[in-house]
Each structure stands twice: as C-alpha cells, then as structure tokens.
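Noted in TrEMBL for the protein shown:
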type    : residues                                                              : note
BINDING : Arg72, Asp126, Glu127, Ser128, Lys167, Gly182, Asp183, His259, Ser260 : substrate binding site
BINDING : His139, His163, Asp164, His234, His259, Asp293                        : Fe cation binding site
Amino acid sequence: MAPSATFETPNINENFNSHKDGLALEATSDAVDEVNVLKAAMRVKNGTATQEEVDIYEKSQFDAEKDKTQFRQYEDACDRVKNFYREQHEKQTVAYNLKARNDFKSKTRANMTIWQAMEKLNTLIDESDPDTSLSQIEHLLQSAEAIRRDGKPQWFQLTGLIHDLGKLLFFYAAEGQWDVVGDTFPVGCRFDETIIYPGTFENNPDSKDPIYSTERGIYTPGCGMDNVMLSWGHDEYLYHICKEQSTLPDEALAMIRYHSFYPWHSAGGYRWIMDEEKDARMLEAVKAFNPYDLYSKSDGIPKVEDLKEYYMGLINTYFPPGEGESEKVIRW
C-alpha cells in the first residue's frame, strides 16, 4: 500500500455510488492495457508490425531498454477482458451515447481543482495497483515524469499527468465498467473488424440498424474525427471537460480523446473518416503519447511532495485560475 496523501477538502457535490468497486475498475483497465501492450509487442517481435507501430513502442527514450514482453501471455490477458468487451460491445449504442452526452451537458457532478480531482481519484480507487502498487497520483506523476525526462513540451507533460482523471466518471454517472474503460470506437457506422473481438457486436442493436450498420453510417468520408461520436467513457468525458475549460492545444486534446482508440491509431481502421490536414497531425500526436501511457508503469516511484509545486505551475498555466482563485475550480 502506498502512503496516504494529505487531502484538501474539495467542494464536491457528493453523489458517489459507494457500492462501486474502484479496484475492480482499475484491474479491468490494467488488463485492457496489457492486451494492447502484448498485441503491439508480439507484432514487433515477429516482424509483422508496421514501421509506425515499431516507432510507437520502441523510439521513446524512457522505454528503450525495457522488456516489453515481461507481462503474462497474450491469450491469458485476452481471457480476462473478453467478457468485459462483450458487455461493452453490446451496450455502446448511438442511443446510449446521445443520452450520455446529454447527461454530461445537463449537470455538474462535482466542483474541484485538478489536484483535488487527483486526490479524489486516490480515495476512490484503492491505493494498490495490480502491476505497480502505486497510488493513482503516483501513477499519473510517473507518466508525466517519463514525458518530462524525454524533453517533451510542458503541455505534453501535463497531459500525461491528467490523462486518467476521467475515471472519476465511474463513481459519478456510469452504468458499469463498460462505459468508463476499454478501447474506444465510433458509433453510428458499421463496427470495424479492427476493433478487438468484432464478433461480440452481434447483440448490439445498432449492428442490425439499416443506417448504423452500413460502412459509413451517419458519417461522410473526410468529415473529420472532430465530428465523430466515439464510444462514451473516461477519455471522452475528460476530453470534453478539457476542451471547454482549459487552454491545452489540439494535440493534447487528441492525446486525451484518442489514446484508447486503438482501431484507428494502431490497427489502421477508420482512416476514411480523417480530414486532409488536422487528423494526420492528431494521429502523430496520439502515437507519440501512447508509449508513456502503456509502458511507464514500471518506472521508479515519484515523490509527490517533491513534484507538486512544479506540476501545480503547469496546471495553472493551462487551467488558468479565475478572479479570486489560486487554482481553477473545474466543473466535472
């Protein structure tokens, strides 16, 4: 167990579902990550990876000497998440996604600063992680510090720090794990074969809808990823919060929104949606970010007390405090 942090008293509209198991959510999230790590590592190892995939998982300085196949076998990892993906693929419909977005826009679930949200995530997800025994804050700092060591821009570092804060959604407004974690994909068009376990969409009503089941569905080629409705979860939740309440650049927003969109950035699917200019840049940004999300877990344990002042400076730069505030209070 990691040492307990000292918590400020956040101004929270307390509406947590106390019966929800944060550790179980994190275990599922880690199992999903493990599958994606092993899929990439296997392709790199057997020589079937594209150059883009090799670049994603081998170019980054911080993991250049790390054994990327140290986790359990790929088949075992898949077995642990297959039932999760079956439920996700059956329930992520256009109707659900419209409802989730309407609920998001129609109410505020909490009012907290970024650092308070990090502390709150610590209290909601057990202070042990199946792979690292790190607290949530330590894991977030671990990703951010790996990015910082590689000399990436400060907005990139901050993105690493906050990228998982959307998991607060599990305790505020989620129906289960299936609408919080897992690989993401577009709804409103045919479910692509590049999605993990594509056969498990057979019980999703959209797969039989006369419009949603067509290849293009409700979209037109080249319409751009900004106009696509991705399956609702913690990435999409945090993306909308940051888009509306921060000054983070488009590349940072793309890293937050798309880093779990593996069918697109790793498997090459859905390229017909991309616009001619912006989405190509966003794709490169996501590819640059993903190694820090997947591979920084076995880095050294960061000291929160030594790093808080530095990262508070970054937070205040990209989430500028309002009049009378020392830190910006975010509407969650």
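A Cβ is built for glycine as well, from the same backbone N, Cα and C atoms used for every other residue.
Where the annotation comes from TrEMBL, it is an automatic prediction and has not been curated.
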8 Å Cβ shell about His139, His163, Asp164, His234, His259, Asp293 centroid, Fe cation site members excluded: Leu140, Ser143, Gly166, Asp235
Residues near His234 (Fe cation binding site) in space but at least six apart in sequence (CB under 8 A): Asp164, Gly166, Lys167, Leu168, Leu169, Phe170, Val180, Val181
Among His139, His163, Lys167, His259 [binding-site residues], residue with fewest other Cβ within 10 Å: His259
Rounded to the nearest Å - Cα separation of His163 (Fe cation binding site) and Ser260 (substrate binding site): 11
Spatial separation of Asp183 (substrate binding site) from His259 (Fe cation binding site) - C-alpha basis, Å: 9
Asp183 (substrate binding site) to Asp293 (Fe cation binding site) - Cα separation in whole Å: 13
Around the Cβ of Asp293 (Fe cation binding site), the count of other Cβ atoms that are within 10 Å: 22
Tertiary neighbours of Ser260 (substrate binding site) (same chain, Cβ under 8 Å, six or more apart): Val181, Gly182, Asp183, Thr184, Gly233, Asp235
